[in-house]
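Working notes, structure below.
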Amino acid sequence: MSNLYDVTIIGAGPVGLFTTFYSGLRSLKTKIIDAEPAVGGKIRYFYPEKIIRDIGGIPEIEGQELVKNLHAQANTFQPIIVCDERIIALHKQTDGTFELVAENGNKHRSKTIIIAAGSGTYEVNRLEVSGSEAYTNNLFYDIKDLASFRNKTVIVSGGGNAAIDWAQSLEPIAKEVHLVYRGENFKGHEERVKEMHASSIFVHVNHEITALQGGTNNLQSCIIHCNKNGSTTKIATDAIVVNHGIKVDLGSMLDWGFDISDYGILVNQKMETSVPGIYACGDVCTYPRKMRIIAAGLHEGPIALNSAKNYLDPEADHVAMISTHHENFN
Ligand SMILES: Cc1cc2nc3c(=O)[nH]c(=O)nc-3n(C[C@H](O)[C@H](O)[C@H](O)COP(=O)(O)OP(=O)(O)OC[C@H]3O[C@@H](n4cnc5c(N)ncnc54)[C@H](O)[C@@H]3O)c2cc1C
């Protein structure tokens, strides 16, 4: 079998996985490649146990359950799924096809490329408090096991959606949950913020964690400082969950000749990048009013794929037939 693929998708996060399914639906020979050892993107990396509530038709689902479902769906048409390979270079060949080069030297050939690389590789912003390195067992930058916080007093530091989500997920499990936020107005969804204020979570706005107290890996308390009036408060604490955002790195991808804006690959309504034959979808792409959420990417992926299909076959329909009646499901 030729090792030239119709479509190669870079990034096996939720968007890449769904795009892989859709590619099979359109009978394209498909490969998907991810730098991480397993599929799932940010969901696997940051919030496998968080409840996701903003996907149409799925009132709530745990992150890892969604990844499992997307993975199974992606496998419907037997694509090639490659993990643990970070793509570091892209070369256009004289015959119009592309060659992708992985960090380990492996090469992948494809007629079209869909970039679903999210934010590239990620690194969390650490808690910047002197001596915090002594508490690595008490400091968390994601939650992989909610049950391990049972009956503990937990401080969540941060003010975005994810921080609020963590505080709310912890509330029924932990003994006490405090949310410490240096700002005043939460950046999370209004409804979630309202629910949080109505819950048992202790909310400390205009506060920052300034000191940790206890012995090595035995956190006892932490000091929070009010940036409005300078007062300090001591809170007995077993664990701190930090959600101060992430540093992202798209690496060499930004030099592959695409138009870039707002730290994303600029696409048009067809999810075309400025390089013919290469499309982008999900968190990695940008356009006016872009939303970096799963639901948006699940819409963009099929558009990107349909554009790739039309690039390969200008006569092909620009959408798949309604999937329920697709011949591949008979
Ligand atoms: C803490 C947190 C909570 C969130 N909660 C929600 C929520 O409740 N609801 C919601 O809709 N959204 C939520 N989001 C946002 C959501 O996770 C993203 O919108 C979604 O993951 C984007 O999917 P993606 O497939 O485009 O990118 P990603 O999930 O980022 O996946 C991209 C994949 O590409 C791979 N990759 C990158 N560069 C390369 C390379 N060079 N070579 C090979 N592979 C590469 C990465 O390893 C990664 O696996 C949350 C995000 C965070 C951080």
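Cβ atoms are placed via backbone N, Cα and C, with glycine included.
I87 (FAD binding site) falls within a strand segment according to DSSP. Sequence-distant neighbours of I87 (FAD binding site) (same chain, 6+ residues apart, CB-CB distance under 8 A): I10, I33, A35, L100, V101, A102, E103, H108, M253. Sequence annotations record features per position, and here TrEMBL assigns FAD binding site to D34, K42, Y47, I87, D283, T324.
According to TrEMBL, the feature domain 'FAD/NAD(P)-binding' maps to 5-289.
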Chain-internal residues, separated by at least six, CB under 8 A from D283 (FAD binding site): G13, V15, K42, G118, S119, G264, R292, G297
For the domain 'FAD/NAD(P)-binding' (5-289), mean pLDDT (0 to 100): 94
Number of other Cβ atoms within 10 Å of the Cβ of Y47 (FAD binding site) across all protein chains: 21
Among D34, K42, T324, which are binding-site residues, the residue with the most C-beta atoms within 10 angstroms of its C-beta: D34
Largest separation between Cα atoms (Å) of residues that the record links to FAD, namely D34, K42, Y47, I87, D283, T324: 34
